[in-house]
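One structure below.
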Amino acid sequence: MDHFDLVDGELHAEQVSLTALAAEVGTPVYIYSTATLTRHYTVLREALDAHPSVLGDSLIAYAVKANSNLSVLATLARLGCGADTVSEGEIRRALKAGIPADRIIFSGVGKTDAELAFALQAGVRQINVESVPELDRLAAIAAGLGVVADIAIRVNPKIGAGGHAKITTGGEGDKFGVPADEALDLYARAAASPHLNPVGLGCHIGSQITDLTPLEGAFGLLRKLTETLRQQGLPVTRIDLGGGLGVPYVGGAVTASPADYAAMTARVLDGLDVEAAFEPGRLLAANAGILLARVIQVTERADGRRFLVLDAAMNDLLRPAMYDAFHEVKPVAPREGEPVAYDIVGPVCETGDTFARGRLLPPIQAGDLVVFTGAGAYGATMSSEYNSRPLVPEVLVDGERWAVVRARPSYDEMLARETTADWL
Ligand SMILES: *Cc1c(COP(=O)(O)O)cnc(C)c1O
């Protein structure tokens, strides 16, 4: 399903040898496939377009937080993709990558006044409002700028779902959105303001969702609320269907297909006559990226335990430490021999810096290259310089070509960002 395959016994990214890439760029490094990004977008677009009367003019607003690299965004922009953003920085990235403002949605629980003003001045498609105080602040800011803000209300459907408690967003106790009854009041309150134009409703109930039932429940609730608002004479023209459909991380649960997802959505929205927006993040990016790392050493304990110590660490790929996430690990040039169980760890001084335990792999030696698959989403975007490890670089591959799209900072560059206080 992706474009990271063995060619003559060695893993490649499309037509580019990972061994050659590692020699030129060094490790650790993230590598993204243009062909996979394109394929994922196209599969979803075609699944939606298979229901032209309901979803034909729907917007795919890629969740920028999954992978915000400018070249990744530009690749998606060229395909016609929009953006779901959660900060001024992400709006700036989307605009810089060529995503038109009228395809950019601004979401998030805590938008500052400055960010709201920036979004209004940039002319984004819509701002998804999550609370009463935010609605009132936005009305005041829009009035100050002399503009009318197109908004959607994010409903918390009290249906949480997702692959891990930390990525469930639609549960009753989660911080996101407003309960259904309050959403109706908020919509009416927005309609009464001369500086707000409520255009629709939205929801996002979680990430890595593998079962369509909770999504169907949430979308059904949005439909009911739309009908109620219309009965009250309030127009509703857009519905924002967040809720990150899961992706097949190998070893994880089987996921619903984009076709099943589109069919379910088309069924729920049939005849409602709204413009739908979808906000996939990992669905587009996760399996379009790998993290390439080198084995520093193989440590064998007296009890037989074997540790594979990599030059990649939790600061480069946080998901296993943060969400107990599973990433498949593969050698770039698999050696002959019986599989061996390895604990796969990084050099950071935390026990949490463990990517996997007891993973069966072909025999591996110091200096070998390995990849983490499914690392294109929430990989580089969550990386840090913890332990003063320079920020992990990123490479985009397209057929035979490749480009460093975020360079590894030198130690001098890393230290140059800081200054010593003048009294020291
Ligand atoms: C995180 C998020 C997404 C994307 O979630 P994925 O699981 O990556 O698809 C979409 N919409 C909102 C509002 C989000 O917070």
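Backbone N, Cα and C atoms are what each Cβ position is placed from, and that goes for glycine too.
Any TrEMBL annotation is an automated prediction that lacks curation.
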Look at the pyridoxal 5'-phosphate binding annotation in TrEMBL, where G244, E279, P280, G281, R282 are given, and name the residue from Y342, Y378, Y386, Y411 listed for that site too.
Y378
Recorded positions (K65, R282, R319), the one with most neighbouring Cβ atoms at 10 Å:
R282
Do any of the binding-site residues G244, G281, R319, Y323, E350, Y378 touch ligand 1, in the sense that the CB is under 6 Å from one of its atoms?
G244, G281
Where among the binding-site residues E279, E350 do you find the Cβ with the fewest other Cβ atoms within 10 Å?
E350
In angstrom units, rounded to an integer, how far apart are the Cα atoms of Y378 (pyridoxal 5'-phosphate binding site) and K65 (N6-(pyridoxal phosphate)lysine)?
7
